[in-house]
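Participant: This is the structure I want to talk about, given as structure tokens.
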Amino acid sequence: MMQVLSIQNCATTKENPLSGKLIILTGPSGVGKGTLMRSLLQRHPELYYSVSATTRPPRPGEVNGESYYFVSRSKFEELIAQGEFLESAEFAGNYYGTPREAVLNQVQSGKLVVLEIELAGARQIRTSFPEALSIFILPPSFEELENRIRGRGQDSEEAIARRLQRAKEEIQAADEFDIQIVNDDFEAALQAIEVALFG
């Protein structure tokens with residue numbers, strides 16, 4: 001049975017020792033991270049979900065401050081320069097980042113904090129917080145992943161090709177993470193995440 005570890009000593013400790021828990025949820029674009037995350041939060045309101053900042057435009061139905069903090073590229077670069085992110089990365093031509101202060105405050109207060117982030121950011125967090133629990137979500141097959149990405153109907157053929165190439169590369173990194181979960185059956189994948197978090 002996997003235990004979620006408390007973060008005691010961070011590799012980059014200018015911060016105080018942390019008493020809460022940090023969970024990283026990552027995987028390639030289109031694998032269902034966001035849908036799994038939303039269901040997890042509905043079933044477990046005690047979890048703290050870290051809302052990321054991004055420079056990409058909102059998708060239909062996304063709400064600023066709930067889905068993401070939508071900011072301009074110049075504002076994002078200013079926040080990077082000020083050290084306001086725990087991690088930041090560029091993906092598909094847009095920046096994404098995890099706000100530092102809110103996450104550290106929640107972890108220090110003893111909360112279970114879940115970060116749903118891209119691979120590059122997940123690697124940064126694992127370096128800074130080696131005791132964080134990391135979960136990599138995999139598609140049942142690459143063909144299914146392609147169907148999901150195309151099914152969104154939001155990207156050009158060129159953007160889809162870029163996402164698919166990046167997804168191939170990211171899937172190769174799955175073994176870097178503590179737990180790998182295949183999102184074939186949604187409910188089973190959700191339950192596997194719950195077991196990892198709560199035992």
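Cβ from N, Cα, C; glycine included.
Per Swiss-Prot, the features are:
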DOMAIN    20-198  domain 'Guanylate kinase-like'
BINDING   G27, P28, S29, G30, V31, G32, K33, G34  ATP binding site
Participant: If you count Cβ atoms within 10 Å of each one, which of the binding-site residues G27, P28, G30, G34 comes out on top?
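Facilitator: Result for the most crowded candidate: G27.
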Participant: When you measure from the Cβ of V31 (ATP binding site), which residues in the chain that are at least 6 apart have a Cβ under 8 Å away?
Facilitator: I137, L138, P139, L145, R148, A167, N183
Participant: Looking at Cβ-Cβ distances, which residues of the chain lie under 8 angstroms from K33 (ATP binding site) while being 6 or more apart from it?
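Facilitator: Same-chain residues close to K33 (ATP binding site) (Cβ under 8 Å, separated by 6 or more) are L25, T26, G27, E116, I137.
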Participant: Look up G34 (ATP binding site) in the DSSP assignment and report helix, strand or coil.
Facilitator: helix
Participant: Whose Cβ, among the binding-site residues S29, G32, has more other Cβ atoms within 10 Å than any of the rest?
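Facilitator: When each Cβ's neighbours within 10 Å are tallied, S29 leads.
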